[in-house]
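For reference, TrEMBL has these:
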type: REPEAT; residues: 74-114; note: repeat 'WD'
type: REPEAT; residues: 199-240; note: repeat 'WD'
type: REPEAT; residues: 292-319; note: repeat 'WD'
type: REPEAT; residues: 335-369; note: repeat 'WD'
Amino acid sequence: MVYNTYQQRFRGLIELHGSLIQIREATPLATWVTGSTIKSLALSPDGTRIAIGCDDTTVRILSGYDATLYVGPLQGHTDNITSVAFSPDGGRVASASTGRIIIWNAQTGTLINDSFKGRLGRINSISFSPDGTLLASAGLIVQVWNAYDGTPFLAERLYIDLINCVKFSPNNDFIAFPCADYTIQLWGCRDGSPAALPFKGHTGRVRCLAFTPDGSQLVSSSNDGTIRVWNTADGSLVTNSFEGGAGILQTLAVSPDGLRIAGGSEYAMRVWNIHDGTLVAGPFTSTISSISLAYSPDGTQVFCGYSDGIIRVWNVRDGMLPPPPPPPQYAVVGIKSVIFCPDGVHLLSSGGESALRIWDTIDGSFVMSPNKTSLFPTPFSTISPDGSCIAGTSENGSLQIVDTVDGSLVAGPFAIQRDAISTFCFSRNGKTIIMGCFDGTINICDIKSGNTASCSFRAHNNRVSSLTESPDCSMLASYSDYEMTLRVWNISTPALDLQLRNISVDTTSGSSYAAVYDGWTIREDGWAVNSSQHLLFWLPPDLASAWCSPYATLVITKAGTLKAHKQKLFIGDRWTECYAPD
């Protein structure tokens, strides 16, 4: 909610994309260890507290922000807690176990009522009515109780099979519960009379139910592997049933806006569009099944309780689909050479197995070429594009450029010794020589001026093994066989237009950015700093190791991709300019 409210007022914040970012977004926002097997989970209406029922017979109320213990452990049951529920005002928590229902004060943990009497037996589910006056319970018996004094409000109904769940409609008119014949029953809350004909359609036991917030629709999941959305007025299907690829759901919930369904199955939680069943987020995987889940009040997060005693909080914004798989390790291992294709959008790489791959510099994907061949280790490394010059090594090991006709010196020797250079190539326009070094740096030297590097930056943490330039001379691709990493650079200007107040920068010249980026390095704590130790911005360590220069626009590693589009930043000593008030 804070992000949605204020994001339009911010500018100049770093923005990264790619599968490495998607992988981070697909991990839980929070992972909280409770120390006991979770049997049921409920979120308070305001999202500030979480109630969990555990297999150690206790109920705990935790902070919804960091899962610190708010109240409890609450003791009173003698068997596993099978279900917990918050009252609509958040002031009470109901808990159920075999033969017992208890109402607790959600603020203090004091016992309010445990006088629910009758043939309770095993209870699988409890639910408060929207006005908080009634409590429904379901197991072998479906019963509606006065939530304040525990007296039966409606006559009990005995069934021959365990009922998995019971839910009140949001308008307080009826309760819904599944039966052993795979149908769904609706009772009137006040008199217990049938509110509609049984909903028929499932071919397996119905496990979960959830109403949409307006009460017009009821969502169900079944052992037949389908999810169905029913019209509560007449029992007709609002949409065709869908499977969603999730298998059998153990738990489900409808989003606060009524547009999405979150469901937890074995080892994964998914979110679907309620109208057509398309997957809009997930799967969010784990190594164990989710037992219970609940939406946050703003609908952007789902709190999942797992049988291993862990609560995971997932970001379920629309579009949070699984990241594309990283390129196979063999695709970035053993590359001997890279070269831009004439379209300036694709890279051609060749590996030790003589396989050619065509990489898309927009998203890092690749396709295989049907041909088996190899490129030279350093394309365009010895002869200029117009054929007039040759780059070679002199007797003393320095790099020189000589005329191809008479061998006269055209440029050099350059200040960089040949034994420091791991690869080099001419620029496409023949005006510069581009050198990759064993220490991971790239130096671009103007052939006319000769000795000095017009642009120098750290490209890798180890030797640069191959280089190539785009046809328009604006982009450079480099590969390090030690790092097994391919990077794409904007060599005219850095991807990040970052200016500091105490450094004057002429943004019309790419080389003038050196004043800001000179000595760029990323410290172990994740801060990017320049030679003056200005704090430029911070990155998580796993991203910092992949993205080592502001000139990089695309990084392809064996773990995934990282993209940085051209953007103007207000960070470093200008971070206060990020906020643009109305």
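Note that Cβ sites are derived from N, Cα and C of the backbone, with glycine treated the same way.
The repeat 'WD' (199-240): residue composition by secondary structure is 0 helix, 22 strand, 20 coil, according to DSSP. Helix, strand and coil residue tallies for the repeat 'WD' (292-319), in that order: 0 helix, 16 strand, 12 coil [DSSP]. Residue counts for the repeat 'WD' (74-114) by DSSP state, with H, G and I taken as helix and E and B as strand, are 0 helix, 21 strand, 20 coil. Mean pLDDT for the repeat 'WD' (335-369) in this predicted model: 65.
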